Amino acid sequence: MTILIDQPQFGIEVEGKRVVNNEKELEFDEGFIMPNANTFGHNFRDYEVESERQEGVENFYRTNHINQTYDFVKKMREKYGKLDRVEMSIWECCELLNDVVDESDPDLDEPQIEHLLQTAEAIRKDYPNEDWLHLTALIHDLGKVLLLPSFGALPQWAVVGDTYPVGCAFDESIVHNKYFKENPDYKNPAYDTKCGVYSEGCGLDKVMMSWGHDDYMYLVAKENKSTLPSAGLFVIRYHSFYALHRSGAYKHLLNEEDEENLKWLKIFNKYDLYSKSKVRIDVEEVKPYYLSLIEKYFPTRLRW
Ligand SMILES: [Fe+2]
Ligand SMILES: [Fe+2]
C-alpha cells in the first residue's frame, strides 16, 4: 500500500537558505513498520541527521543533473514562455510567493515578502542610486511560484538549486558533478565539447540554462517588456549560476556586456546570501517605494 509520511528534514542549501524536500510517497509492504529507532532505543536521526541532510542534498542534485537536458530545457522554455497561466501584478506575485516558500523553508520565521524586502533594503542602503537593483532584489525569486499547483507544481529539482548551461560540456566546478554521467547529453557529441552548440563569446543570452525559477522570472520580465536595465535581467537569470559567479567557469561564453553585468551580479549575490539577517522590515512602510519602482519598470499587469 502507499503511505504518505513526513520525510526527515533533508535540506538543500539554496542561496544560503534551507529548502526542505516536500512530502514523498513511499511504497511499503502491508504491516511494515518504519524503523526509526535502533535496538538501543536511540533515534537514528539524533546522530545521523547531518549525513541524512547531506544525502538529501546529494539526491536532489542527482535528480537535477540527470534530468536537466537540452531537450528538457527547450520544452520547458516553450511551455512556460507562452505565459498563458495567469495575469497579475508584480506585487500580487510577491504576496503569492508568501504562501509558497513559507512551507518549504523552516528557517524562515517571517513572511517571505519580508525576507525579499530585507535583501532589497540592505542593497538600497549601500547603493541608494541604483533603484533598479532594489527592485531586482525584490523580484529575483518570484519564479518560485513554479512550485504552486496553478503553475504546474514542478518538482524542487526543476525550480531551485544551482543552474548551469545545457548544450555544452558540464563544468567540473558544478556541485555533485559526477551525476552528469547519467545525463543523456553527457555522451552526445553535439553537446560534450567546451562550446557545444554555442560559440566563443556568443553572449549568455544565447545560452540555454538549466530550467528553474531564475530563467522563468527572466522570461516573464522580458516578455512583458520590463524596462529594467540589462544588468537587472542578468541578475535575475544568473543568480543561481554559481559555476560562473563563484568559480569563474564558462567565461568563454560571455560577451562584453555580460562581463559588465557580472560585476553587478557579484555585488547582488553578497546580499542574497546575507539576507537572513533578522532586521525587521515594516512592509507597509516600504511598500509605497517598491510600488513606485514596479510602476517605473513594469506594466501594471503581467502575463505569467
Ligand atoms: Fe533564487
Ligand atoms: Fe534569493
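The backbone N, Cα and C atoms fix where each Cβ goes, glycine too.
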Checklist outcome for this item: Fe cation binding in TrEMBL involves His140, Asp141, His213, His239, Asp272; of His115, His176, the partner in that site is His115
Checklist outcome for this item: DSSP, reduced to three states, assigns His239 (Fe cation binding site) to coil
Item to check | Assigned conformation of Asp141 (Fe cation binding site) - DSSP reduced to three states | outcome: coil
Checklist entry - Given the binding-site residues His115, His213, His239, Asp272, which one's Cα is the least distant from that of Lys144 (substrate binding site)? => result His213
Next on the checklist: These are the binding-site residues: His115, Lys144. Which one scores highest on other Cβ atoms within 10 Å?
Outcome noted: Lys144
Checklist entry - Just checking, which of His140, His239 (binding-site residues) has the fewest C-beta atoms within 10 Å of its C-beta? => result His239
Checklist outcome for this item: Asp162 (substrate binding site) sits from His140 (Fe cation binding site) (Cα to Cα, rounded, in Å) at a distance of 14
Checklist entry - Including all protein chains shown, what's the count of other C-beta atoms within 10 A of the C-beta of His213 (Fe cation binding site)? => result 26
